[in-house]
Structures are given as C-alpha cells and as structure tokens.
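Structure, as structure tokens:
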Amino acid sequence: MELDFGHFDERDKASRNMRGSRMNGLPSPTHSAHCSFYRTRTLQALSNEKKAKKVRFYRNGDRYFKGIVYAVSSDRFRSFDALLADLTRSLSDNINLLQGVRYIYTIDGSRKIGSMDELEEGESYVCSSDNFFKKVEYTKNVNPNWSVNVKTSANMKAPQSLASSNSAQARENKDFVRPKLVTIIRSGVKPRKAVRVLLNKKTAHSFEQVLTDITEAIKLETGVVKKLYTLDGKQVTCLHDFFGDDDVFIACGPEKFRYAQDDFSLDENECRVMKGNPSATAGPKASPTPQKTSAKSPGPMRRSKSPADSGNDQDANGTSSSQLSTPKSKQSPISTPTSPGSLRKHKDLYLPLSLDDSDSLGDSM
C-alpha cells in the first residue's frame, strides 16, 4: 500500500517560497534603520573615545612657564594616574612641583579634575603637588591663538607677518651699524682691565652676540657679562646703544652692580688708554712713561743731527724738539725714518706727548 504525500510537498514548497520571498524582498533585522542608527552611534562614541584632546598644562605658581600641550586619549593613558605620572616626568622641578603632579585644577582654580573625561578640548589646566591652588595669570605669556579651534588661515598669516616684521627689523638694524671701536672696562676694584672691541656689520649681528664677544675679551671673574653701562650710568639694552655718542662702557657680571660715582670715573691710566693711539692701546697693556722714552732716545737722535741744531732744540722740559720734527730733519743713512726701528720709536714717543706734554708743545710753537 502506497501513501501519497503530494499535498505535503505542495505545502512545504509554498512555505519555502514564502521564506525565500521574505528574505529577498524584505530587509533583514540587521539591516534595519534602527540597527543602522545604533551602529552609527556606537562608531561615533568609539571615535570620540579614541580621539585625543589637546589641552595645555601649567605649573602651579610658575608665572614664567608658558605651559606644555598634551594630547590626552584613552589609548595613550589607560588611567588618570598614568596621566599624572607622565605629567610628573614632564613638569616636575625643584621649585614648584617638588612632589610631582598629584592634583589638576582648572585654569581659574574653581574645580579639581578627577578623571580624563573631565578634560575638555582646547582648555588649560594647572598641575599642583599639594591641595592648594596659587592664583596666577598663567595665560599672559602664551599666544592666544594656540588653540586647535582657530582657523588655519589665521595660523598661516601669523608666521608670514612675523617673518616680514623680522626681516624688516633686520634691515633696519643693519642701517645704523658702522665701523666703530669701543672700549670695555671691567667693573670692580681699580686698576681695572680695559679692552677694545671693533664693531661693524660682520661682528655686530645682534646684542647677545656682542655680549658673548665682550665676555670672551674681558674675562670677568664672575663669568658672563650680563649688563653694560655708559659712563653716565645708563644701561645698554640694545645693539643701537653701542653706536651712539658713547665709546666707553662698563661691563658687569651676574653680581648686583652698585651705582657708585667712583665706578664711572676713570683714573689716569684709564684715561691714557682712552686718549692714546688705538693701535698702541688695543690691549690692556699700559703705555710707556715719558721719562723712560726720553732717556732711551736722545743717544741715536743726537748722532743724526748737527751739534748746532741739537743745542737749539733742547729747550722745553728737557725734551728735544728733534723728536717731534724727525721726518723733516736730515738723518744719516744709518738710521732712516722709514726703518722699522725708527717707526717703533716714533710710535712710543708720540703717544705720551699727546697726553702729558700738550702744554710744552704749545709753548714751543
């Protein structure tokens, strides 16, 4: 006996066709609008969690610190304690953060931050070692356009204007620079060391560079030259001050400079260095005295002149006038005025006469 199951096959076929049409024509639950919205919201939340927040941190009580920008994210810092530890390595010093970063405050100190979720994009915060906020104007030393919310066009224009201003300033600075020989006197107990420094467009590029050259030349006992003063007591603050009417400057180190009248007054030796021949007084060595030069020079000078001329010349202060008119006098072929020995003697003789014997020259004329 055979059973006929044809009607069951037709019913199963119909049900299979209905399921197939439902799968092909109608969207599955995973592709529904609700699931698509849920998946998009989850991705946005995940991206917001992964996105780093750029914030700036300051030291508590440090008004000269410009702050440090951090990119805070959950991938970089697994916990708030990890952020505190990293800030300790970056900001810890021996003055303001002795015990590291233990607390984070808002920039006005009104609220204490307890987790990374409380940090907001583009805001500034203060790191502290103790539970005490020091109210200081932290943001006064920072460019207000540092925030990431500022448009890129503004950021691109700022460096261009800064570069153009710097180039214009550099061109302006080069206009007043001219060859000039200045005298630098070391501050302190007299006798003081004095050196001469040549300033021109090749040696005077900036005020800091000139201070470095003066430091190497003057060699202060306290180290680096920090301040320069004119003889009137005015402090030199820029490169332009070197090319004014003043030629003499007092170099001071890190020590506190005392404004005493004796510090700005020059003694006889320092005046001799100033009024002497620049080529002969380029270093700290003192010029020879008139007595020593007059004692060494009369011998060869008398042999080069006739007795009648030598008797008429020795009339003023025991100094022979032949020393002043040597190029005009008739010399023997042995000692010519163009020989190196005679030029060296003339340089030594002319230097003190321009300082001490000005009266005698006026009488002899």
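Every residue gets a Cβ built from N, Cα and C, even glycine.
Keep in mind that this is a model prediction, so the values were computed, not measured.
According to Swiss-Prot, the phosphoserine annotation covers S28 (among others), on the basis of similarity to another entry.
The feature phosphoserine is assigned by Swiss-Prot to S90 (among others), with sequence analysis given as support. Residues near S90 (phosphoserine) in space but far in sequence (CB under 8 A, at least 6 apart, same chain), listed by position: I68.
Long-range Cβ contacts of S110 (phosphoserine) within its own chain (separation 6+, distance under 8 Å) are none. For S110 (among others), the entry in Swiss-Prot reads phosphoserine, with the evidence type sequence analysis.
Counting only same-chain residues six or more apart in sequence, the Cβ atoms lying under 8 angstroms from the Cβ of S115 (phosphoserine) belong to F80. Sequence annotations record features per position, and here Swiss-Prot assigns phosphoserine to S115 (among others).
If you look up Swiss-Prot, you'll see 275-365 marked as region 'Disordered'.
As annotated by Swiss-Prot, phosphothreonine applies to T289 (among others), with the evidence given as similarity to another entry.
The compositional bias 'Polar residues' annotation in Swiss-Prot covers 307-341.
For T326 (among others), the entry in Swiss-Prot reads phosphothreonine.
Under the heading phosphothreonine, Swiss-Prot lists T326 (among others).
What Swiss-Prot lists as phosphoserine is S332 (among others).
Residues annotated as phosphoserine in Swiss-Prot, with similarity to another entry given as evidence: S332 (among others).
Marked as phosphothreonine by Swiss-Prot on the basis of sequence analysis: T336 (among others).
The phosphoserine feature in Swiss-Prot is assigned to S339 (among others); the stated evidence is sequence analysis.
Annotation comment: Swiss-Prot describes 356-365 as compositional bias 'Acidic residues'.
Residues or ranges marked as phosphoserine by Swiss-Prot on the basis of sequence analysis: S360 (among others).
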